[in-house]
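Taking it in order: structure first as C-alpha cells, then the write-up.
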Amino acid sequence: MAGSPRRAASRRLQLPLLCLLLQGATAILFAVFVRYNHETDAALWRWGNHSNVDNEFYFRYPSFQDVHVMVFVGFGFLMAFLQRYGFSSLGFTFLLAAFALQWSTLVQGFLHSMHQGHIHVGVESMINADFCAGAVLISFGAVLGKTGPAQLLLMALLETVLFGINEFVLLSLLGVKDAGGSMTIHTFGAYFGLVLSRVLYRPQLEKSKHLQGSVYHSDLFAMIGTIFLWIFWPSFNSAPTTLGDGQHRTALNTYYSLTASTLGTFALSALVGEHGRLDMVHIQNAALAGGVVVGTAGEMMLTPFGALAAGFLAGTVSTLGYKFFTPILEAKFKVQDTCGVHNLHGMPGVLGALLGVLVAGLATHEAYGEGLDSVFPLVAAGQRTTASQAMHQLFGLFVTLTFASVGGGLGGLLLRLPFLGSPPDPQCYEDQVYWEVPGEHEDEAQGPLRAEEPDTRA
Amino acid sequence: MAGSPRRAASRRLQLPLLCLLLQGATAILFAVFVRYNHETDAALWRWGNHSNVDNEFYFRYPSFQDVHVMVFVGFGFLMAFLQRYGFSSLGFTFLLAAFALQWSTLVQGFLHSMHQGHIHVGVESMINADFCAGAVLISFGAVLGKTGPAQLLLMALLETVLFGINEFVLLSLLGVKDAGGSMTIHTFGAYFGLVLSRVLYRPQLEKSKHLQGSVYHSDLFAMIGTIFLWIFWPSFNSAPTTLGDGQHRTALNTYYSLTASTLGTFALSALVGEHGRLDMVHIQNAALAGGVVVGTAGEMMLTPFGALAAGFLAGTVSTLGYKFFTPILEAKFKVQDTCGVHNLHGMPGVLGALLGVLVAGLATHEAYGEGLDSVFPLVAAGQRTTASQAMHQLFGLFVTLTFASVGGGLGGLLLRLPFLGSPPDPQCYEDQVYWEVPGEHEDEAQGPLRAEEPDTRA
Amino acid sequence: MAGSPRRAASRRLQLPLLCLLLQGATAILFAVFVRYNHETDAALWRWGNHSNVDNEFYFRYPSFQDVHVMVFVGFGFLMAFLQRYGFSSLGFTFLLAAFALQWSTLVQGFLHSMHQGHIHVGVESMINADFCAGAVLISFGAVLGKTGPAQLLLMALLETVLFGINEFVLLSLLGVKDAGGSMTIHTFGAYFGLVLSRVLYRPQLEKSKHLQGSVYHSDLFAMIGTIFLWIFWPSFNSAPTTLGDGQHRTALNTYYSLTASTLGTFALSALVGEHGRLDMVHIQNAALAGGVVVGTAGEMMLTPFGALAAGFLAGTVSTLGYKFFTPILEAKFKVQDTCGVHNLHGMPGVLGALLGVLVAGLATHEAYGEGLDSVFPLVAAGQRTTASQAMHQLFGLFVTLTFASVGGGLGGLLLRLPFLGSPPDPQCYEDQVYWEVPGEHEDEAQGPLRAEEPDTRA
C-alpha cells in the first residue's frame with residue numbers, strides 16, 4: 001500500500017539526507033554571513049544612544065506575528081481541506097516554510113542587505129522571509145497532493161532564489177511599489193506553481209478522484225485557515241510599509257477590501273451554485289481575494305470606496321474563476337490546480353498589480369502632500385512623473401510573470417527527476433504514502449479510513 | 001431534501017440580490033461620506049508634524065487585531081458546536097460580520113464622527129465597527145439554526161442602526177461609561193436576539209431535535225471559539241479606553257475576572273451535572289461570563305479582588321442559567337435560545353451594568369486622583385457627583401433594554417416576511433439547506449451524514 | 001460505566017468543593033494583598049507625570065497575549081491528540097491554568113514583588129503567572145489521562161509554590177539568567193511531572209491501551225496546538241527580557257532555532273520511521289524543541305548560527321527520545337509519560353540550561369558592549385566573572401532538578417490520597433469519566449464511540 005520496498009528504502013534516505021544537506025548548508029552560510037543588526041546586537045544598539053522603547057521591535061513585531069500566523073496556521077489549515085491529506089498539508093507547510101525562512105534570509109540578505117560582507121538581521125528580515133515563505137506555499141497549493149516532500153523542498157530551494165531576484169528587480173532596480181506583494185508574492189507564487197503543475201501534468205489523475213474532495217470536518221479545519229488569513233491580511237499588507245500613516249492606511253484599506261470580497265463571494269457563490277446553494281470552496285478561498293487585490297495599491301491613497309470596489313471585484317472574479325475557469329484550465333491547458341491558486345492568487349494578483357498602475361498614475365501632489373516621499377519617493381524627488389511610475393508598475397508585472405513562468409518551468413523539469421519519488425496517480429492526495437496514519441496497522445482489512453472509527457470493544 | 005424547486009429558485013436570487021444591493025448601497029455611501037482621518041491620510045498626517053511612531057496605529061492596532069480574532073474566530077467557532085450546522089455557523093458569521101463592519105462604519109460615523117460632512121476613519125472606527133459586529137453575532141446566537149442568510153442580513157441591517165443609536169444615547173448623550181460594552185454590546189445584543197427569537201417562536205421545533213446537539217468533534221471545534229474568546233477578552237474590554245493606565249487596568253481586571261468565572265463554572269457544572277459530570281455547554285460558554293461582567297466596571301478602580309468576585313458570580317449565575325433557566329425560557333416564555341445567549345450575554349451583561357452602577361457610585365477622588373478625568377470626566381469637571389454618575393449608568397441600562405426589546409420585536413416582524421424563506425422546522429440546524437455539503441451527491445441513499453464516512457473503496 | 005454511584009457522589013462534591021475552596025482562598029488573599037501597580041492604578045500613574053503612551057502596557061502586552069495563546073490554545077490542543085480525551089485535555093488545561101494564574105500571582109508576588117505589605121500587579125505579573133501556568137501544564141502532560149481534575153488542582157497548588165520558590169532561588173538569589181525558562185519552566189515542569197508520574201506508576205495501564213493513541217482528526221486538532229506554540233515561541237522567550245535589543249534578539253534567536261529544530265525533526269522522523277514514514281508524534285512535539293533549547297541562551301549573544309545549531313540538535317535529540325527513550329522510560333524506569341514531556345521539555349530544557357552555561361562562559365565585554373549590564377548585570381558590575389556566571393548557571397540547573405524531583409515526589413504522594421478518585425486503569429484516557437459526552441445517552445448499547453456517529457434517522 002505504501003509502495004514497493006525499494007521506493008520506501010529510497011524515501012527513507014532521501015528526505016532525511018535532503019533535510020540534513022539543506023540545513024547543513026544554510027547553517028554554514030549563516031555562520032559565515034549572518035550577523036545581528038544594530039537593533040538586535042547588544043553592543044551596536046547601545047552605541048546608538050537610543051531609548052529602549054524606540055527599538056524597531058515594538059513597531060514591527062506585532063505585524064510580524066500576524067504574518068507568521070498567516071503563513072503557518074493560515075496556509076496550513078486552508079490546504080487541510082482534503083479528506084485524507086491533512087497531515088501532509090499541515091506537515092509539509094511546516095517543513096517548507098521552516099526551510100524557506102532560513103534560505104530566504106540568506107537570499108534576500110545577499111540581494112538587499114549586505115553590508116561589509118555581512119547580512120544583518122532583525123524583525124524586518126523576519127517579515128521578508130515570511131513573505132517569501134508565503135509565495136512558496138502559494139505554489140505548493142497548485143501541486144498539493146501530487147508531490148512528495150523531497151520534491152517540495154527542491155521547489156522551495158529554487159523558488160526562493162527566483163523570488164528574491166524578482167523582488168530585487170522590482171523594488172530596488174525598477175522602483176516599483178508593492179508592499180503587500182500583489183506582484184512579488186501572489187502573482188509570482190501563483191504562476192510559478194501553475195507552470196510547474198503544467199510540467200508535472202498527470203493525465204491519469206482521476207485515479208485518485210475519490211480523494212480529491214473534502215469531508216465535512218476537513219472543511220471546518222480549512223475554515224481555521226481561511227479565517228486567520230482573512231483577519232490578519234491587513235497586517236500582511238501593511239507589515240513592510242514605512243511607519244506612520246502608510247502602515248495605518250494600508251491596514252485600513254485591506255480591512256475594507258476584504259469585507260467587500262466576502263459579500264461579493266457569497267453573492268456569486270449562491271448565484272452560480274446548484275439550487276442556489278453556497279459552495280465552501282468559494283467561501284474558503286474567494287472571500288480572501290480582497291486581501292490580494294490591494295497588495296500593491298493598499299499603501300496608496302486608494303480611498304475607502306476604492307478599497308470596497310476593488311475587493312468586491314476580486315471576490316467576484318475569484319468565485320467565477322473557481323466555478324468556470326478551473327475546469328477549463330485543466331481540460332484545455334492541462335494545468336491541475338489543486339487549491340485553485342489561479343483564482344485566489346493569480347487573477348487577483350494581476351488585478352492588484354493593474355490597480356496599482358491605475359492608482360499610481362492618478363496620484364497627485366495634493367492628495368499625498370508631504371507623504372508623497374514615503375509612498376512614491378522617486379516621484380517626490382522629481383525623478384519620475386506619476387505616469388512614469390505607473391508604467392514602471394506595469395513593467396514590474398510583466399517582469400514578475402516572466403520570472404514566475406520561466407522559474408516554474410525550470411522547477412517542473414527539476415521535480416521530474418525520476419529518483420525524487422513522485423507519488424503514483426492512485427496515491428495522490430493520500431497521507432499514507434508519507435505518514436504513519438493512526439489506526440491503519442490495527443486492522444488493515446478495513447482500509448485507510450478505519451482510523452476514523454476506532455474499535456474500542458476490548 | 002433542499003426544498004421545492006421554487007424555494008430554491010427564490011433562494012438562488014434572494015441572497016445574491018440582497019448582498020449586491022447592500023454592497024452597492026454601502027459602496028455609494030462610502031464614496032460620498034467616508035474619508036481617511038488625520039492618522040491615515042498621507043497629506044493630513046504629515047501636516048501634523050508628528051513622529052511616525054506616534055501614530056495611533058501602534059497603540060490601538062494590536063488590540064484591534066485581538067478583537068477581530070474574537071469576532072470572526074471566537075464567535076464563529078463557538079457557534080460551530082452543532083453537529084450539522086458548522087458551515088452555516090462559520091459562514092454566516094463571516095457574512096454578517098463583514099457586512100456589519102461596513103454598515104456600522106457608516107452608522108457610527110454619522111452619529112459619532114461626522115466632520116464637515118465626512119466620516120473620518122482609522123483604527124478607532126475599525127474597533128468600533130467590530131464591536132457592533134459582535135452585538136449582531138450575539139443576536140445571531142439566539143436564532144442560530146432557525147434563520148436563513150437573507151433573514152440574517154436584514155437583521156444585521158436593522159440591528160446595526162439601533163446599536164449605533166443606543167450607543168450614541170448612552171455614551172454621548174447620557175455620559176455613561178461602558179468601555180467593554182456590558183450594556184451596549186452584550187445586554188443589547190442578547191435581548192435584541194431573544195425578543196426576535198420570541199417573535200419567531202416555532203412550536204414544532206422538536207422536529208429537528210436530532211440536530212440540536214453536538215457531536216464529539218463539533219464540541220472540540222467550539223472550544224477553538226471559547227478559548228480564543230477567553231484569551232483575548234482583556235483586549236476587547238480595553239480596546240476603546242483612554243490610553244495609559246486605563247487600558248492597562250481594564251485588561252488586568254478582565255484577566256482576573258475570567259479566571260474566576262472559569263473556576264466558578266467548573267464548580268457549578270460538576271455540582272449540577274448528572275453523576276457529577278461536567279457539561280461542555282457550560283465550559284464553552286459560562287466560563288466566558290467573567291469577560292462580560294466587567295465590560296462596564298473593568299475600566300474603573302474595581303480592584304483585583306473585585307474582579308475575582310464579579311467573575312466568580314457571573315460564571316456561577318451563567319452556569320445555573322444554562323442548567324435551569326434555559327428550559328423555562330423556552331417552555332414558559334416561548335423563547336428558543338439556541339446558544340443560550342441569555343446566560344452568557346444577557347444576565348452577565350445586566351450584572352455588569354449593575355456592577356458599573358455600584359463601582360461608579362463608590363468612586364472617590366482619592367482612589368482615582370488625577371485619573372478621574374479619564375474615567376469619569378463629568379465628575380472630574382464638577383458637572384456630576386459620583387451618585388449622579390451611578391444613576392446615569394443605571395438609566396443607561398434601562399435605555400439599552402428598551403432599545404433592544406423594541407428593536408428585537410421590529411426585527412422579528414421584519415424576518416417573518418414570508419418571501420424571506422425561513423427554513424422549515426425539520427430542516428432547522430441543517431447545513432444542507434444552504435450549502436453544498438461534501439459527499440452528499442455521491443450516494444444520496446445514505447443520507448446527510450454520509451459525508452462523515454466517505455467511501456474510498458475504489 | 002462511569003464508576004459506582006458512591007464514586008460518582010464523591011466526585012459530584014469533590015471537584016466543586018475544591019474549586020470553591022481554592023477560589024475562596026485566593027479571593028481573600030487578593031483582597032488583603034493584591035493592589036494595582038503604578039502602571040495600572042489611576043492615581044499612581046498620573047502622579048508619575050508620564051505620557052500615556054509610555055505605559056509599559058504598550059511594550060509588554062502584545063508579548064503577553066502571544067504567551068496567553070500558547071498556554072491555553074497551544075498546550076490545550078497539543079494534548080487533545082488522544083482519541084477520547086479531547087474534552088479533558090482542553091477542559092482541564094483551562095481549569096488548571098485559570099487557577100494557576102491566580103495562585104501564582106500570589107506566590108510570585110509574595111516572593112518577588114511585595115512592597116509595603118502589598119503585591120503590585122500589572123502586565124509583568126500577568127506574564128509571570130502565565131509562565132507558571134505553562135510549567136503546570138507541562139507536568140500535566142506527563143500524567144495526562146491518568147489523573148482526575150481534583151488531583152490535578154492539588155498538583156497545581158503544590159507545583160505553583162515550588163515553581164515560585166525555585167524561580168526565586170535562581171533569579172533572585174543566584175543571579176541566574178533564564179528569560180525563556182529552559183530551567184525554571186521546562187526542566188522544572190518536566191521533571192516534576194515525570195517523578196510524579198513515577199510515583200503514580202500503573203502496572204496495568206495496558207488495560208486502556210485502545211484509548212492511548214490518536215485518530216486522524218485528533219491529530220489535526222493537536223496540530224492547532226503545535227503550530228500556535230511554534231509561531232509564538234519567540235514571544236514566549238522574549239516576553240520577560242529587558243526592553244530593547246534584548247527582547248528583539250531573543251525573539252530572533254528563537255525564530256531561527258525553531259526553523260532548525262523543524263528540519264531536524266523531519267529528517268530524523270523519516271530516518272527512524274517504518275518504511276521511511278513520518279510520525280505525527282514527532283512533528284507535533286519535537287519540532288518545538290528549538291524553542292525550549294534557547295530559553296536560557298536566547299537572550300544572550302548566541303549568534304544566528306548558534307541558534308540554528310542549537311535548534312537542530314534539540315529537534316534531533318527530541319525525535320530520538322520519542323522513538324527510543326520513551327519506551328525505555330516506561331519499561332525500565334516505570335515512568336509513564338503520556339505526552340513525552342521528557343523529550344520535548346526535559347532533555348531540551350537541560351540542553352538549554354547547558355547551552356546557557358556555555359554562552360555565558362564565552363561572553364566578552366567586546367561582544368556585549370554597554371549591553372552587558374542588561375544581560376549579565378553582575379558581570380557588568382564587576383561582581384562576577386563570566387566563568388563564575390557560567391558556574392552559577394550550572395548550579396541553577398541542579399537546584400531546579402532537585403526542586404522538581406523532590407516536589408514531584410511529594411506531589412505524587414499527595415495525589416495518591418485514596419479519596420481523590422483516580423480513574424481506574426481501564427478508564428484512563430477516557431472523557432466519559434468526567435464529562436457528559438454527546439450522544440452517549442441516546443443509545444447506550446452502541447458504546448462510548450457512538451457519539452461520533454450520531455443517528456439522524458428520525
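From the backbone N, Cα and C atoms, a Cβ is placed for every residue, glycine too.
What TrEMBL records for B:26-416 is domain 'Ammonium transporter AmtB-like'.
TrEMBL lists B:439-458 with the feature region 'Disordered'.
According to TrEMBL, the feature signal peptide maps to B:1-27.
Beyond the transmembrane segment (B:67-87), the same-chain residues lying 6 or more positions past its ends with a Cβ under 8 Å from any Cβ of the stretch are 93-94, 97, 127, 130-131, 133-134, 137-138, 140-141, 144-145, 211-215, 218-219, 221-226, 228-229, 232-233, 235-236, 239, 280-281, 284-285, 338-339, 429-432, 434-435, 437, 448-449. What TrEMBL lists as transmembrane segment is B:67-87 (among others).
Outside the transmembrane segment (B:94-114), and at least 6 residues removed from its termini, the chain residues within Cβ reach (under 8 Å) are 19, 22-23, 26, 29-30, 33-34, 71-72, 75-76, 120-121, 125-126, 128-130, 132-133, 136-137, 140, 149, 152-153, 156-157, 160-161, 163-165, 167-168, 172. The transmembrane segment annotation in TrEMBL covers B:94-114 (among others).
Taken from TrEMBL, the feature transmembrane segment covers B:126-145 (among others).
As annotated by TrEMBL, transmembrane segment applies to B:152-174 (among others).
The transmembrane segment annotation in TrEMBL covers B:180-201 (among others).
When Cβ-Cβ distances below 8 Å are used as the criterion, the transmembrane segment (B:213-233) is approached by residues 66-67, 69-70, 73-83, 86, 254, 258, 262, 280, 283-285, 287-288, 290-291 of the same chain, each at least six residues removed from its ends. Here TrEMBL flags B:213-233 (among others) as transmembrane segment.
Taken from TrEMBL, the feature transmembrane segment covers B:253-273 (among others). Counting only same-chain residues 6+ beyond the ends of the transmembrane segment (B:253-273), those with a CB under 8 A from a CB of the stretch are 180, 230, 233-234, 236-238, 279, 282-283, 286-291, 293-294, 297-298, 302, 304, 306-316, 318-320, 323-324.
Taken from TrEMBL, the feature transmembrane segment applies to B:280-298 (among others). Sequence-distant contacts of the transmembrane segment (B:280-298), counting only residues of its own chain at least 6 positions beyond either end whose CB sits under 8 Å from a CB of the stretch, comprise 78, 81, 177-183, 185-186, 214, 219, 222-223, 225-226, 229-230, 233-234, 236-238, 249-250, 253-254, 257-262, 264-266, 268-269, 306-307, 310-315, 317-319, 321-323, 339-340, 343-345, 348-349, 351-353, 355-356, 358-360, 393.
Beyond its flanks by at least six residues, the transmembrane segment (B:394-415) meets 139, 147, 151, 154-155, 158-159, 162, 165-166, 169-170, 174, 176, 178, 183-184, 187-200, 350, 353-354, 357, 422 of its own chain at Cβ-Cβ distances under 8 Å. Summarising the annotation, TrEMBL assigns transmembrane segment to B:394-415 (among others).
Residues of the same chain lying 6 or more positions beyond the ends of the transmembrane segment (B:180-201) and with a Cβ under 8 Å from any Cβ of it are 131, 134-143, 146-147, 155, 159, 162-163, 166-167, 170-171, 236-238, 250, 254, 291-299, 333-337, 341-342, 344-346, 348-353, 355-356, 396-397, 400-401, 403-405, 407-409, 411-413, 415-416, 422. Across the residues of the domain 'Ammonium transporter AmtB-like' (B:26-416), the predicted structure has a mean pLDDT of 96.
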